[in-house]
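A.B. asks: Annotation source TrEMBL lists domain 'Major facilitator superfamily (MFS) profile' at 215-677. Look at TrEMBL and you will find 1-37, 62-83 tagged as region 'Disordered'. Feature annotation from TrEMBL assigns transmembrane segment to 104-126, 168-190, 280-302, 341-361, 368-390, 396-415, 506-527, 539-561, 568-586, 592-613, 625-647, 653-673 (among others).
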Amino acid sequence: MSGVLRRGSLSFDLNKGRGTSEANLYGGYRETKPAPGTPEISVIALDFRRYSDDLKKVVAAPAPCATGEPPQDPTRHNPPTDLSQDVDSDVISNFLGHYTRWSFLWTFLLCLFQLPTTFHLFMFVFQLTRGEASPMLQPRLPRDVEELDQLQTTLLERLFGQMRRWQAQWCCLLSIFQAICTFHIFIYVFQTAPKDFWCAQPANLQQMNLSEWRNLSQTADGCLLLDVDYTQLILEDGKLTNWPANASDLGYRQCQDFEFSGNEALTLVQEFELVCGRDILSLVETCFLVGAAAGAVLSGWISDRFGRRHTLMAFVTIQSVFGGILAFSTSVAMFMSLRVIIGFASMTVTVVSFVLVVELVSGKWRTIIGILNILPVAITYVLASGLAYLIRDWRILQLVISWPWLIMLSIWFWLPESPRWLLAQGRLDELCGLIERAAKTNGTSGTLPHNYRKTLEAAVPRAVQPQPEANSEEVMGASGSPSAVQLDTQRSGHVNPLLVVFGAKYWRTTCLTLIIWLTLIIIYFGLTLHLSNLGGNIYINNAVAGTIEAVSICTSILVVLKAGIRRSLIGYMLLPGICCLATNLVTSQTGVIALATIAKCLIGANNAIIPTYTAMQYPTIVRNFGVGMGNLASGIGLILVPFLWHLERIDALLPLNVMGVCGLIGAVAICLMKDVN
């Protein structure tokens, strides 16, 4: 296709038709001035001569044959050598031809002009991967930040060691904080233990047999009382007189006072009569879990801002003080409000203590210590069951699990800060002091290099390094834009963690992490906090489940070291799901409790492994935020757990079936995750 670029005017002179020689020559386009009074438009026209009908030659139609047969196309078998006879030709092609050697040469050369343009358009894609991309496109970590992270890890491992005496003693001490939090989370199970209740007997009928009173005066659920004037009734020699003859025709009214079985144990349900229309236990439990969800999300930001050490001890103080105040609650509203605060503090202590422990060690010990840090959780289940059995008053029990832990504040001064956090903040004086104390405890003071501080200074991020004074011309370019030095400093600063975890590299990992944590928490806390719903002795069931879970956590260390962390998680997620679904095949209540207990112990091992596995999926600069995303999903799961057990009103095993499906979904999600070393 050939074209000619012309400048002139578009004529609207109708006196000359399109069939004139002048019109055919210019295709209706005139370079000369039109006659006066003729409207015109000044244009630049691209005349595609080959496709202009005005320039095509008209081929005369062949005459019909005398025999009446249809005329034959003369060009059908013998194509014309004269292009003027070709219906697809125009004036230009009549001289140059359709496609000759000359046309091929220039077509090839003109195609080469497409290459520079394509280079400029497409090379931008590769230029993005070399540095910091626009947040609107693909947020990636700068290469120097990743190298800096690796340098920090190597230096701290050489100075502290992977696992020595100093790390071991602090890891053991920090694991106690997991027990403190578990007491506050789990003791609610015994404070709201279900008890049998009925409408209270009037004062004049206190000597009446309890079974006879319940059968005669109220409904089976103990919530409605027969609408009779009980003050007129008289009980003489065990016989009731003045009982109305038409009592069966009378209606029922709501009970105002209740009596409970087992007066030796005072529970929250009994004291505030949270039964029948006032049964708001799910809402009371949700208050604590909402606070825990908020703490799971915000704990990472708080500890990154103020440090692991001060955040941990501050919230331990809040947890213990408000836990003691909770024992003096005068109303359900006060109890619920305080539980929100305790939930926030408990989850913050749980997350921060785990992060601090993991950042004190390195190498394979991260996995081992990360799992052992959760071991006190299972042990606390056994201790809480024993304490609740011995102390039946919920207020005294609350005081016992709260105020004694204030003694942990005595280690605030000696508690070490995270070496990684100190190095990331550029606080080298504190870090060097910490290194000296650790080396003294480990007996490695003589092996420390004399110039290790200089080495640490090279690993401090530029964003927290003291910047030398520079004149305005060095900081700002001549045009007023930031100079290369300033831009380099900005690139070495903090990255937006939200853009990283949901960036092109980590969005899949983050979405799968949310699914895994959500399904895990639904199963784990669904069984932990509501194992009593399945029947049996609440104290024995939880003590046995805690013991087996502790053994399962210890065994999981060997399983992880042999089979790998990802395969272990798949097994510890799939087997609990199968156990929950298998309850449909068991007819006895004992079998259902046994399968639920096995599922709880297996999912407990998963709960001990998953924080370490999640932390390994992200680089150091967004590791806390990545684990926080998992905790966000766990917070949602915690809120859903109380309402999950409302499904047992439809079918007794429906909550376990939902947990079984969650186990299968979680196992598939882990299969799609990448493996880590």
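Glycine is treated like the rest: Cβ placed from N, Cα and C.
A quick note: this is a predicted structure, and the numbers were derived from the prediction, not measured.
Give me the lay of the land around each of these features.
C.D. replies: Averaged across the domain 'Major facilitator superfamily (MFS) profile' (215-677), pLDDT for the predicted model comes to 82.
Listed as Cβ neighbours of the transmembrane segment (341-361) (distance under 8 Å, sequence separation of 6 or more from its ends, same chain) are residues 160, 162-163, 167, 170-171, 174-175, 177-178, 180-181, 184-185, 287-296, 298-300, 302-303, 308-309, 311-312, 315-316, 318-319, 322-323, 326, 369-370, 373-374, 416, 418-421, 611-612, 615, 624, 627-628, 631, 635.
Outside the transmembrane segment (368-390) by six or more residues, the chain places 163, 171, 174-176, 178-179, 182-183, 186-187, 190, 353-354, 357-358, 360-361, 397, 400-401, 528, 539-540, 542-543, 545-547, 549-550, 552-554, 556-557, 560-561, 604, 607-609, 611-612, 615 with a CB less than 8 A from a CB of the stretch.
Long-range contacts of the transmembrane segment (592-613) within the same chain, counting only residues at least 6 positions beyond its ends with a Cβ under 8 Å from a Cβ of the stretch, are 354, 358, 366-367, 370-371, 373-375, 377-378, 516-517, 520, 523-524, 527-528, 531, 534-536, 541, 544-545, 548-549, 551-553, 555-556, 559-560, 565-566, 568-569, 572-573, 575-577, 579-580, 582-583, 586, 627, 630, 653, 656, 659, 663, 676.
Residues 281-283, 285-286, 289-290, 292-294, 296-297, 299-301, 347, 351, 355, 497-498, 500-501, 506, 510, 513-522, 525-526, 529-530, 533, 610-611, 614-615, 617-618, 654-655, 658-659 of the same chain, all 6+ positions outside the transmembrane segment (625-647), place their C-beta atoms under 8 angstroms from a C-beta of that stretch.
Distant neighbours of the transmembrane segment (653-673): 508-509, 512-513, 515-516, 518-520, 522-523, 526-527, 530, 533, 566, 569-570, 573-581, 583-584, 592, 596, 599, 603, 617, 644-645, 647; these residues of the same chain sit at least 6 beyond its ends, with a Cβ under 8 Å from one of its Cβ atoms.
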